[in-house]
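Single-structure report; data block below.
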């Protein structure tokens, strides 16, 4: 699997309130949540970001709440993945369960700037910065996780497994 | 093989004699919970997968506390999802408005989560129950859905970090100050994926309410769990409440900790976390002059009876400063009743504070005390992220209940001794 998109750079400790403020958690509709994605970090983000774009952030992305609405809003807003130096524990687990691709890459987190065009080779764990020509490394996503992402998350995955029995 | 308390509990629940950090295990859970934000997604997942059972209707709690009492139609619809699901599956522990409380104060009080348990909750502050000597951790809604069906969850066994507190706590200094100091020292990802074990002579003397406050905020350092070995203080709290049997575990003296932090706290004064991070901590006397608009005393961190008692001691015979709004929210119905019986509520109303039925509302900017642009609040809650309590241009200062109450009276952030 290969992805290509423009990078949007955020800092360290982007919390779940910044990703999707609690005032919008009166709904779990992905489209509604997508409309407010990253709103308190950058109020214009949803207008500026295009389908397939990539969030790049520093340490501890997704710290704070257990709300799955956070990865849901990022995915529903059309972002293809999040690359960060590191992720908060609950967010990490939720992202895979929701079918949002996330990649840890301290190299990419240190170097990538907003506007850089990135190409991500998910199988090989290589991130290519098409703007600067730099290459960064991340762990390849194992086949099980890729399958989880392909079907759209843990529950569709479980359903597919059940129907195959 | 020597093990930490967390490792012992996880080993026991996964049917193993020993576990090591980084082991992937599947553990049986003793209890699971969700609230009106996280449970609707879990219930949707539960239905989509076509589940035909819950693992145990007596070991799941649904607590509508975040946007309840319903603040609008959308939140009413979310709470209804919980109500309907609880009826459909005969869940014993569904807590309706009037009978409910802030979940992490309510479940220990009702004796539903106990020492030695493995508990998961679709709420990050589920780690609160570590104060009882349980391994409790926050998960997402999908994990809750799977756990409600199977009664099992997979975990990676966390490394444990040991925090030792020595000395004697001064006046107006408590568990909240210890945890704020700790997060200030190690940072918001200082315990990422780890279990934080709190020990030492100070913890031995610490009342349960303060222990709950400390474990509650372990997640603010990124931890998977906060935990305190159960002792006579725990026993005193649990006996008479426990709805089932429980077990005390302790770390072996030679158990392996990834790191050990040790502090003498005797000279500590109350701590305050400045905007916009729970790690941005300073002693109260070193806070620049800060005029405030609002005070909130409540939440799963500091809405317990002892917290209200502290606030009442300061507010008694005094008034909230002109221009300040002070919200006081007993965390559960039992706490509310005790505060009523002992005259605390009258003290609060006399001081011109607003007293509310239990809700998480203001802590997460949900309802009951939203901040406008440019406003500043002192709160006994757990997070001061940008925009957490309202407008993205508002500010939250986290403190213990004594500092919060004193600041309400002074109209600016003060040490209680300044009154």
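Heads up, residue numbers simply count up from 1 along the chain you see.
Glycine residues also receive a Cβ, built from the backbone N, Cα and C atoms like all the rest.
A TrEMBL annotation is a machine prediction, not a hand-curated record.
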Open item on the list: Among B:300, B:326, which residue shares the [4Fe-4S] cluster site with B:360, B:363 according to TrEMBL?
Closed with: B:300
- [ ] Determine which residues of the same chain, besides B:300, B:360, B:363, have their CB within 8 A of the center of the CB atoms at the recorded [4Fe-4S] cluster site, and list them by sequence.
- [x] B:65, B:66, B:102, B:104, B:125, B:298, B:299, B:301, B:303, B:359, B:361, B:364, B:381, B:382
TODO: For residue B:363 ([4Fe-4S] cluster binding site), write down the residues of its own chain that are at least 6 apart in sequence and whose Cβ falls under 8 Å from its Cβ; none is a fine answer.
DONE: B:296, B:298, B:299, B:300, B:379, B:381, B:382, B:383, B:388, B:389
TODO: Pick out which of the binding-site residues B:300, B:360 has the most other Cβ atoms within 10 Å of its own Cβ.
DONE: B:360
